[in-house]
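Listed features, source TrEMBL:
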BINDING   A26, G27, A28, G29, T30, G31, K32, T33  ATP binding site
DOMAIN    5-321  domain 'UvrD-like helicase ATP-binding'
DOMAIN    322-624  domain 'UvrD-like helicase C-terminal'
Amino acid sequence: MEFLQGLNNEQKQAVTHGDGPLLIVAGAGTGKTTVVTKRLVWLIESSKAKTDNILALTFTDKAAGEMEERVDKLLPYGYTDLWISTFHSFCERLLHSHALDIGVPYDFKLLSETEQWLLVRQYLNKFTLRYYRPLGNPTKFIHALLRHFSRAKDEEIYPDDYLKYAEELRLNQDKEILGKAKHKQPAASSQQPAAVNEAARIEEVANAYHIYQQLLLEQNALDFGDLINYTLKLFRTRPDILNRYRQQFKYILVDEFQDTNWAQYELVKLLAVPQNNLTVVGDDDQSIYRFRGASMSNILQFKKDYPKAQEVVLIKNYRSSQNILDLAYQFIQRNNPNRLEWQMRESRRLLDDGGAALSKSLKAITDETGIITHLRGETLDDEFHLVAEKIMELKNSDREAGWGDFAVLARSNDQVNQADIALGSFRLPRQSVTAKGLYNKPVIVDALAYFRLLDNYHESQSLWRVLNFPFWKLSGRDLIELSHFAAKKSWSLFEAMEKAGLVPNLSVEARQILAVILKWIGEHTDFARGRRPSELLVKMLNDIGYTSYLESLGEARSRLEFDFLNQFHRRMRRWEETEADPRLKDFMAAITYELESGEAGDLSVDIEAGPDVIKVMTVHAAKGLEFKYVFVVGLVDRRFPTTERRDPIELPEALVKEILPSGDNNFHLEEERRLFYVAMTRAKRGLFFTSAEDYGGSRKKKPSQFLIELGTPLAAPVAMNAANKKISSLPAGEIVTPEIIKDYLPEQFSFTQLKAFETCPWQYRYAHILKVPVWGRHTFSFGKTMHLTLQRFFERVLEKRALVQGSLFAEANPDLAVIPGLDELLEIYKASWIDEWYESKSQTEEYFNLGRDILKEFFKKNDGAWPDVKFLERGFTLKIGPYTLKGQVDRMDVRGDGVEIIDYKTGNVPKNMADVDKDQLLIYQLAAEIVWREKPVALTFYYLNENKPVSFLGTPEDLEETKQKIIKTIEEIRTSEFKAAPSPQKCRQCDFKNICPFSQA
């Protein structure tokens, strides 16, 4: 097998392990992802399993995507039904399929942390809180309560378990008090009231947990912890379903096993029985997510749960220099005895089994010696002068290094912001990577300011920001004249703008611009009364010229800004899904509540994509990444390691199921050491520790305990003026951020992308590179509604078929046994209705009635002759030459000795076959033949409006022509300058016609 070439002995042993449990201990930089991916491919290629017989679980969507991309490159023909996902995505998929079996709404909403906070705040009066609801700040403990409920779910503690424990605690207290009264013993002066108060506190928390869970169910909602726990409950209460998945998943792979929590490990163990073909990959020294519920004891416990498990230890490091690895290894051993290496050595010593002792001392494959040094400033500014100086020095001396080879790692998000601001003063190209802060991005602050203005014209601060939008080109002098006049008259800024003609010394140009702004404010206020906030956002951006302004900033910058806007747009859409009548005023109230809670907005940043810049991030965010030169900043006492902050509400020890290491241990300090170890092992050739004496407090900061433990010499503090002389002599010409559009091209393409490029490369640029938010269409909403309705209808058919299969009734009356009635179909339609982008209530009603009539006709046409559906919404990944195409088939039916592929359309039936665009279904035919090994006998566009199918079948010549067309189009995309190809007909149908400078609409 060619893909096994290049693996070292340990990697090959792990990849080609046969059956039974396997523990792969993969140190930093040892090729863990390569091993997991190639093991998955080896299982398929050696015919031990089909693609849908392997379950691969990881912790982030990015990791799952990367694994899927690597598998895609290794499998020769493409694949389907590959179960690579996060734990949460896997459980969400199962619960959607088996919602009715567990009593969960099939259309449940998954709430983010912010949405959970808003839910509790909205219904705070339902919670009988005393201890955790101070009068002065009733929302103070909401975050703490939610974190506590999340931790309970990590340990699979259900509300009933908590209530039972609280009741037992109260009964024991009552018995103790009664016993003492009966025997006339004096009450313990202070201990007894304290114990009674503690029992009352625990009862209050237990009741709050129960109420919270009831609220979720009432709102048809789940949180992330529910996904795991309801799946566990599903498997434990429905053994037939558990057995079905046990038979399906012959092999299970778990990446980053050290980051699993107790409930996730229980889920994996439950699924793996009885074959126990379970491969776990992890490194206990990189377990850094205890604050999120990760149980490091899982990896320590694995050998006890599976004593016959084979062990493979990967120690050949393909990343770092040996001196960096030696320093890191020497440092992490301070966490003994709570390390896998130490415990397994001790176990073997006691057993005296003669086996080789486990060693996690990593061995570099490079002979290069790395740079390790400490940089120390007198102040925070000095510290970052030294960092900037060193980066510029290395950049000038190492001609192969790009800006993306440098990383500045900090312990907290606040320190990341400090570093970003400090480095910004040297104009170094950089990207700040944090998990929060969407609402603080200038483009989002601008949007919120405009929304506040529409909500209240006299919100002068918001109007001042709007007037300062750069594309208005209002001069500073004109703005000052307007503001001064408003203050003089005791008017709001809006009133002054309305009476701009009265403002002395205001330029003619300013009066004209203000008139335009007033026009848009009025128009958007009217629009907001009857439309969704997400629709208003897109309209406002296009109308006032904000979209065009962002586009003018250059590819890299504009793509980043549009990415922020898209994330905000998705946040708005999620909020709208929870509201019966979503309007701007209510959305702004929700945002105000979020900001009140301390929420800054979830932020998703693809660290490895985009321009060549220095990455400034937390150590947690750097996990799994590598850089040539790493700067670990802020290494002073109480910053790194941090002072331990216990959970405000801790789980009662009696309920905790995680097996904690024995002995007198400082778990927090050990976690901080692991985090520091992760920081060190990101570095390839240069590792720089930095600190300062003065961070603005009254006392000088001591160097970090970790610097002392490392044993490296501490540098003398350097003052700012000395650093400044060096930095000023550095060339200023190397600070330009490259803006390379090719950085944003995908690894895998879709039919939609190919079609957009074929229509107009400039349209492709807008949609798939810049990802400009688009103004939706009601026809798309209607089409999605019809697709979703028929998908859910036939899903119920398949579910019922599985339940009644084999019964005498089913054999005699197959349709009667499995086909839901017309009323049920219309109920599904009602629940699936997407009420978005319709221009009026009358248009909404018109389309709703149209859809209902279409479905009645569809039911009537198929009644008594229902199709034999093989599968629905099945995804595929298809290799065409050197490229990969992804897609999803609406429906596939068994038909004679082959299959029919169906794609639903809600447009008009073409007048003749020559007008049918066959490319999409020809791609599906290729996927069916190559990936699924099926024999298509018909390709059908089913036009729902007329309930009429249009069918054809591709010839070998058609399929070969389609392959060549795909290759040609992708190659053109990869080399394109994305020039516009306008025409009146194309432009009229384009989503970007109102912002495109080339539009002929």
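Placement of Cβ uses the backbone N, Cα and C atoms for every residue, glycine included.
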Query raised in the report: Given the ATP site residues A26, G27, A28, G29, T30, G31, K32, T33, which other residues of that chain have a Cβ within 8 Å of the mean position of their Cβ atoms, reported in sequence order?
Result: V35, D283, L314, N317, Y318
**Report entry** Residue with minimal Cβ packing [other Cβ atoms within 10 Å] among the binding-site residues A26, A28
**Finding:** A28
Report summary line: The most crowded of the binding-site residues T30, T33, judged by neighbouring Cβ atoms within 10 Å of its own Cβ, is T30
Query - Confidence summary (mean pLDDT) of the domain 'UvrD-like helicase C-terminal' (322-624) - result: 87
Query raised in the report: For K32 (ATP binding site), which residues of its chain lie six or more apart in sequence with Cβ-Cβ distance below 8 Å?
Result: I24, A26, D255, V281, D283, L314
Report summary line: Cβ density check for G31 (ATP binding site), other Cβ within 10 Å (all protein chains) comes to 22
Requested in this report: Note down the number of other Cβ atoms within 10 Å of the Cβ of G29 (ATP binding site), including every protein chain shown.
Outcome: 22
Query raised in the report: So for G27 (ATP binding site), how many other CB atoms are inside 10 Å of its CB?
Result: 24
